[in-house]
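Enquirer: Pulled these features from TrEMBL for this protein:
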- 34-56: transmembrane segment (TRANSMEM)
- 62-81: transmembrane segment (TRANSMEM)
- 88-111: transmembrane segment (TRANSMEM)
- 123-147: transmembrane segment (TRANSMEM)
- 168-187: transmembrane segment (TRANSMEM)
- 193-213: transmembrane segment (TRANSMEM)
- 274-294: transmembrane segment (TRANSMEM)
- 319-341: transmembrane segment (TRANSMEM)
- 353-374: transmembrane segment (TRANSMEM)
- 411-429: transmembrane segment (TRANSMEM)
- 441-467: transmembrane segment (TRANSMEM)
- 487-507: transmembrane segment (TRANSMEM)
Amino acid sequence: MATVQQDDQQNVGRFPRFYKTSLIIGLSELCERVAYYGIVSNMALFTTSLCFPRLYHEPTTFTYIFTGFAYVLTIVGGWLADAVLSRFWTILGSLGVYFVGTVFLILSSYFCGHDQPPAVPVSLYVTGLCLVAVGTGGSKSNLGLYGAGQLGDFSENLNRRLKAYFHWYYWCINVGAAIADLGVAYLQEINSLHGYVVICLAVFLAGVVFVIGKRWYAPDEEKEEVLSIVGGILRASRHAQRPRQRASGGWMERWLDRANESRAVEEVDDVKQLFSLLWIFLCLILYFTLYSQMRTTFLFQSQRLRLPKFGGTEGMDGVFLNVFNAATILLMIPVMHWLVYPWMARMGRELTSLERMGIGMLLSVGSIVAAALVEVYRRQQVQEGNCVTQHISRHTIQAADMTVFVQIPQFLLSGMSEVMTMVTGYYFAYTQAPLRARGTVMGLLLLMWGLGSYVSLGLSSLFNAISYRMTGKRWFPVELNDGRAEWFFLFLAVFMLLNTLFFVFLAQRYKYKTYKRRRLLSDIGTAAEQT
């Protein structure tokens with residue numbers, strides 16, 4: 001109970017502890033996302049540069065493999081924090097590996113400009129990406145989770161605090177993404193070496209900010225529970241040595257038997273809960289497949305539309321359009337959190353977590369359909385000869401004479417979808433996960449993101465195989481002007497609609513777990529004294 005009293009005291013005042021820890025975790029995540037999206041935004045440009053042999057000039061495949069690998073490793077990072085290390089040291093160690101990976105990226109860019117054999121920058125770059133993926137896996141699955149664990153499990157307003165926390169946590173993620181797309185990506189267009197130095201500094205700053213907050217962090221929940229169990233057993237053993245206790249005979253054995261029975265029931269319930277969550281999460285694989293198009297296919301489409309000019313020079317290669325997605329999220333989060341959701345609650349129609357996620361899935365279908373419509377008119381302009389020539393990163397591209405801003409609807413819909421599905425997904429995973437498996441469950445949620453990237457590769461290959469068999473041509477080549485990418489977008493939309501119907505079926509049968517903290521055996525010493 002002392003821990004509870006200390007937590008209550010720390011959460012009283014003009015600036016309670018959970019505000020401080022939430023701010024620190026948000027800033028740390030912001031810096032880490034600047035680094036991650038800085039790497040992803042530059043990947044297509046860097047891997048198609050003269051330093052890389054023609055073999056590696058497959059930017060879509062490269063991006064999908066890296067993203068998938070990074071998010072697949074999140075389940076390993078979550079399990080490490082749950083079962084092996086504390087969450088704090090898992091995060092700090094992962095950021096350390098992340099930092100070393102960005103140093104390799106700097107070296108790769110440096111040797112790229114010094115007439116080295118292609119094997120040198122390529123090997124350094126791939127090694128750096130592997131280390132960054134490992135660092136992402138450990139930090140991404142635990143950083144937001146660690147911040148949520150600081151909010152205090154005994155607060156009457158815990159549910160409200162958790163919803164607010166995950167909204168603003170995701171807001172910080174997108175501030176980092178916007179900085180990467182506007183600032184870091186532009187710097188890399190000018191000088192890739194300087195861009196990677198900034199990325200390295202961002203990771204270092206993420207670690208420094210995280211460590212600064214240690215003075216306010218509460219102990220890891222699982223570690224605290226273990227300590228309470230050990231302390232209770234020690235107190236009980238002291239009481240068991242009294243003659244009165246020994247005469248009564250076997251009180252501790254009976255108590256432990258009852259505790260073990262209760263624990264066994266809890267473990268069975270936890271397993272059932274994990275299976276229910278797994279079915280829900282599996283439906284998110286296709287959602288992340290559609291989401292992955294935003295930083296791959298949508299960008300290739302951007303390059304083949306008329307880009308604006310800045311200062312008389314060609315605009316960036318369309319990466320800046322991701323800012324529309326980020327700006328939508330930055331705007332929609334406060335609107336939804338402060339206006340829409342409270343208004344619906346007052347009207348007596350508060351949406352459940354799964355209802356919000358389902359609406360987000362439908363919005364993602366709208367985004368991909370909007371992209372298909374743009375592609376139809378874009379390709380028609382190219383076929384009619386209404387083209388402009390654009391020079392992007394030493395590449396000459398024939399683009400339709402249509403402004404790139406026609407893509408705004410698809411990016412806006414994608415951003416709205418993220419607010420409904422991904423923000424709610426973090427909250428849902430945290431509140432519905434068994435206490436001792438929160439990191440694993442959060443890693444499982446993010447694993448779906450990685451699998452979505454791999455499914456993107458599989459579906460694009462399947463689509464090309466079908467189109468080649470039907471027409472003798474691949475409809476989704478790297479050069480979109482030579483294909484029929486609108487049919488690929490519609491191909492994804494049909495799959496997503498079927499997937500959403502299955503998600504609705506599961507959501508109607510899902511039983512929500514009431515979120516509360518289970519303090520196991522914490523009062524064993526008191527029970528011994530009362531026996």
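We number each residue from 1, going along the chain as drawn.
Backbone N, Cα and C define each Cβ position, glycine as well.
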Enquirer: Does the transmembrane segment (168-187) reach the transmembrane segment (319-341), going by 3 or more CB pairs under 8 Å (6 or more apart in sequence)?
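Expert: Between the transmembrane segment (319-341) and the transmembrane segment (168-187), which are separate recorded stretches, there is contact, as judged by 3 or more close Cβ pairs.
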Enquirer: Could you pull out which residues elsewhere in the chain have a CB under 8 Å from any CB of the transmembrane segment (62-81), counting only those six or more residues past its ends?
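Expert: For the transmembrane segment (62-81), the list is 36, 40, 43-44, 47, 56, 87, 90-91, 94, 129-130, 132-134, 136-142, 145, 292, 295-296, 438-444, 446-454, 456-457.
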Enquirer: Taking the transmembrane segment (123-147) as the reference, which of 34-56, 193-213, 274-294, 319-341, 353-374 gives the largest number of Cβ pairs under 8 angstroms?
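Expert: It is 34-56 that shares the most Cβ pairs under 8 Å with the transmembrane segment (123-147).
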Enquirer: With pairs fewer than 6 apart in sequence excluded, do the transmembrane segment (353-374) and the transmembrane segment (274-294) have three or more C-beta pairs that lie under 8 Å?
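Expert: Stretch pair touches.
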Enquirer: For the transmembrane segment (193-213), which stretch among 88-111, 353-374, 441-467 has the most Cβ pairs under 8 A?
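Expert: Stretch with maximum Cβ contacts: 88-111.
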Enquirer: Can you tell me which parts of the same chain pack against the transmembrane segment (88-111), counting only residues 6+ beyond its ends and a CB-CB cutoff under 8 A?
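Expert: For the transmembrane segment (88-111), the sequence-distant neighbours (Cβ-Cβ under 8 Å, at least 6 residues beyond its ends) are 32, 35, 39, 46, 77, 80-81, 120-122, 124-125, 127-139, 142-143, 146, 192-193, 195-197, 199-200, 203-204, 206-207, 210-211, 214, 217, 220, 439.
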Enquirer: Is the transmembrane segment (34-56) packed against any residues at least 6 beyond its ends, judged by a Cβ distance under 8 Å, and which are they?
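Expert: Contacts with the transmembrane segment (34-56): 62-63, 66-67, 70, 98, 102, 105, 109, 112-113, 118, 121-122, 125, 129, 132, 136, 176-177, 179-181, 184-185, 188-189, 192, 195, 198-200, 202-203, 206, 295, 299, 317, 319, 322, 393-395.
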